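Taken from TrEMBL, the feature domain 'Acyl-coenzyme A oxidase N-terminal' covers 17-132. According to TrEMBL, the domain 'Acyl-CoA oxidase/dehydrogenase middle' annotation covers 134-236. Residues or ranges marked as FAD binding site in TrEMBL: T138, G177. The domain 'Acyl-CoA oxidase C-alpha1' feature in TrEMBL is assigned to 278-439. As annotated by TrEMBL, active site, proton acceptor applies to E424. Per TrEMBL, the feature domain 'Acyl-CoA oxidase C-terminal' maps to 480-656.
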Amino acid sequence: MEEVDHLAHERIKAQFDVDAMKVVWAGSKHALDVADRMARLVASDPVFRKDNRPMLARKELFKNTLKKAAHAWKRINELRLTEEEASTLRVLVDEPSYVDLHWGMFVPAIKGQGTDKQQKKWLPLAYKMQIIGCYAQTELGHGSNVQGLETTATFDPKTDEFIIHSPTLTSSKWWPGGLGKVSTHAVVYAHLITEGKDHGVHGFIVQLRSLDNHSPLPGITIGDIGTKFGNGAYNTMDNGVLRFDHVRIPRSQMLMRVSQVTREGKFIVSDVPRQLVYGTMVYVRQTIVSDASRALSRAVCIAVRYSAVRRQFGSQDGGPETQVIDYKTQQSRLFPLLASAYAFRFVGEWLKWLYADVTQRLQANDFSTLPEAHACTAGLKSLTTSATADGIEECRKLCGGHGYLCSSGLPELFAVYVPTCTYEGDNVVLLLQVARFLMKTVSQLGSGKQPVGTTAYMGRAHHLMQYKCDVRGAEDWLKPSVILQAFEARAVRLAVNCAQNISKAPSPEEGFSELSADLVEAAVAHCQLIVVSKFIKKVQQDIPGLGVKEQLQILCNIYALSVLHKHLGEFLATGCITPRQGSLANDQLRYLYSQIRPNAVALVDAFNYTDHYLGSVLGRYDGNVYPKLEEEAWKDPLNDSVVPDGYHEYIQPVLKQKFRLSRL
């Protein structure tokens with residue numbers, strides 16, 4: 001069948017240099033080149049086929065994932081790929097597997113919390129994958145409340161060992177990826193008990209399975225927790241359950257960079273502050289924010305391309321029907337998601353810089369920026385993952401009925417992505433952590449201590465509490481200073497209002513609990529301000545490429561004004577803007593949609609995703625949707641036979657009414 005580029009006419013409309021925008025999205029020409037090479041490598045390798053995933057049974061699906069992970073590791077070594085290239089290849093294989101937790105959490109935990117001696121012992125084994133690790137923190141009865149974990153690690157001075165034990169059913173480790181069937185080792189979090197005293201939760205390296213035959217070691221009960229939401233989706237991952245029955249490990253396998261236990265059983269806190277463990281969290285959560293931009297951009301790419309291909313209603317005198325993307329209702333739902341994908345990409349870039357800065361400071365024993373970095377990454381993880389999960393589902397609905405087909409790529413993308421809202425911190429719990437940080441910042445405003453970093457705007461709280469938005473016409477909403485001050489005023493007023501109301505409560509904790517819903521809103525406002533400010537800062541940089549800066553400016557304004565529209569009640573209730581100014585913002589937003597419309601397809605092309613990576617018939621680069629939809633339909637195993645299995649047993653008796661009648 002001849003391939004026809006149904007989207008060629010859309011690409012002709014582009015008013016900017018698409019290749020230059022690809023570099024902006026990738027972060028650099030080098031990163032773009034790496035992504036291109038790895039994408040071609042994955043797409044051309046039949047082992048990495050993924051279109052049949054929704055049709056595979058769980059066992060077959062899991063074994064297929066093991067095959068892909070092993071093949072990826074083989075190719076990484078054969079081609080002597082760099083760490084950057086290997087990481088990019090694993091992303092493009094696009095299948096959750098045990099390697100995600102090995103590289104994403106096990107290795108960083110040892111690097112962040114292990115001593116130099118421990119790193120020298122364990123990291124070479126992990127880097128060569130001679131051991132495979134996971135991160136065993138979450139328990140059956142305890143998730144986000146780490147201090148509530150029940151697993152214990154009791155020191156036995158007679159043998160110089162820790163005894164790892166699961167005293168209750170709810171202390172079973174539950175959910176760690178890679179644990180169920182693959183991992184040989186785990187960083188296990190447990191309450192450290194020595195000399196009869198509980199010293200809180202610490203990390204321990206525990207071997208789980210024999211390196212000879214992969215059998216669980218004595219005292220260890222381990223397995224998979226069962227099938228999860230979706231067809232293929234996260235069912236490629238062996239999320240596990242783990243119980244310890246007085247398992248002994250050497251004292252040296254306690255991660256001891258922050259605190260140690262001596263041979264005699266004395267607990268010693270090192271000079272390194274306990275906040276050091278935040279370093280691992282900052283790393284993991286900044287990668288989650290980057291993953292959010294990737295997942296949302298995939299969904300948006302599919303929805304934009306299909307919206308340009310699909311025609312529905314509006315034909316006059318037998319002419320062609322209207323492209324769905326030209327309907328204003330479609331634009332008002334789709335274009336803010338397109339802008340959000342870019343916004344999350346750029347705030348993710350900034351978080352990478354923040355992590356590098358924090359790491360550099362840690363090495364110099366400067367821990368001053370850790371609390372803010374922890375709050376930033378916690379809040380942005382929550383904001384971006386919630387928006388992305390909702391955005392993927394919205395893109396599915398924007399694709400109409402066909403979006404419900406697995407071949408659209410959207411149901412599986414949603415099923416793979418949605419657990420992000422709860423893993424590495426439940427999103428509401430994380431926002432409450434941000435709120436605590438904001439309340440502490442507000443409480444220090446009168447002390448002369450100036451807020452820094454992302455809370456620097458609070459140093460102008462007095463001005464922002466009095467601020468009146470200077471918008472007289474719709475075009476005033478295009479001024480970065482106007483947008484920023486409106487978002488700053490909203491964030492400050494919500495935070496200060498919460499602080500004032502908490503001060504009226506019988507106790508701070510009672511006030512915090514009573515106002516938790518308001519505090520979540522204040523935290524969201526603060527995080528949205530961060531995203532808007534980083535997007536504005538990105539646009540203000542020197543960006544090469546014809547028309548690229550202009551398109552980014554439009555996207556930045558769409559993101560900011562769509563957030564303002566969604567939360568208009570807060571902007572009005574806090575007095576940041578007037579109803580008239582809110583109406584003008586909506587007028588400007590509609591105009592911006594018309595500006596972005598000619599460039600929509602080219603803007604998703606700039607994501608530079610191959611058809612293999614997108615995994616969507618609806619989002620194909622050439623827009624040749626309908627023949628491919630039919631082709632995929634005929635591949636379904638149900639179509640292997642014309643007359644279905646079960647016809648003679650169950651359908652024919654109904655049609656022929658051949659039932660034996662009996663009396664009760």
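Cβ from N, Cα, C; glycine included.
Feature map: TrEMBL annotations on the structure.
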residue	record	Cβ neighbours (10 Å)
T138	FAD binding site	20
G177	FAD binding site	25
E424	active site, proton acceptor	24
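Across the domain 'Acyl-coenzyme A oxidase N-terminal' (17-132), DSSP classifies residues as 90 helix, 0 strand, 26 coil.
Against the domain 'Acyl-CoA oxidase C-alpha1' (278-439), the recorded stretches 17-132, 134-236, 480-656 differ in Cβ pairs under 8 Å, and the greatest number is found for 480-656.
Distance between Cα atoms for G177 (FAD binding site) and the residue listed as 'active site, proton acceptor': 12 Å, as a whole number.
In this structure the C-alpha atoms belonging to T138 (FAD binding site) and the residue listed as 'active site, proton acceptor' are separated by 9 Å. Each residue in the domain 'Acyl-CoA oxidase C-alpha1' (278-439) has a pLDDT score, and their mean in this model is 92. Broken down with DSSP, the domain 'Acyl-CoA oxidase/dehydrogenase middle' (134-236) shows 10 helix, 45 strand, 48 coil.
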